[in-house]
């Protein structure tokens, strides 16, 4: 599908060997949790996924699409280490505020950076955020229920799917377009990314989350109506209002005084 699309060049798929079963078991033992069955089966087929493609601009290929799922060895936990090497440096867990518990309005409960949740990075998203495998309930024991969430650059959480299989389908159908995960946020993708969406529109563009009315960006200004000649109605000139007699007398006295002063000046000259 990509190779048949106009302007697409250099579609690269990195084939990877299946992950060793003992590598998966050791990962589960190290992190004290069990991988979901669909993700475990995926790793037993291929240890991660990587596919990239470019577009030709002035006959020069420019990297555009990127589809990545980290291997088992790179399925690292978020929020465990400090952001700096200094002692007592802040961590992601310091962002948690117990007093900031709000009603989500029926939406899924958001993950926590502290020990209440376990978060693992599935896709680095080329620096635009992180797609994460989330175990939301880690106390007193880790619940096997997992979800896929998107963590944007401002460290806000956005729910994507309940299962890895559903996320994998989203990744494929969106062709790895840049910032496609932001289509599932309240603020949407950037204008530049929206242009790429219009060129290589994914299959799911007609869903409720991604739908856009075609007329939204259409200028509905009709020049024929705007610049249409109209019959001008003649404007009646209003007569100046009649002045009272007293004011007329004062004006005549002022004019007479002016003429007399002018005549006096001329005689002096």
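Cβ atoms are placed via backbone N, Cα and C, with glycine included.
Annotated range for region 'Disordered' in TrEMBL, selecting from 39-63, 64-88, 89-113: 89-113.
Mapped onto DSSP classes, the domain 'Knr4/Smi1-like' (18-162) shows 30 helix, 44 strand, 71 coil.
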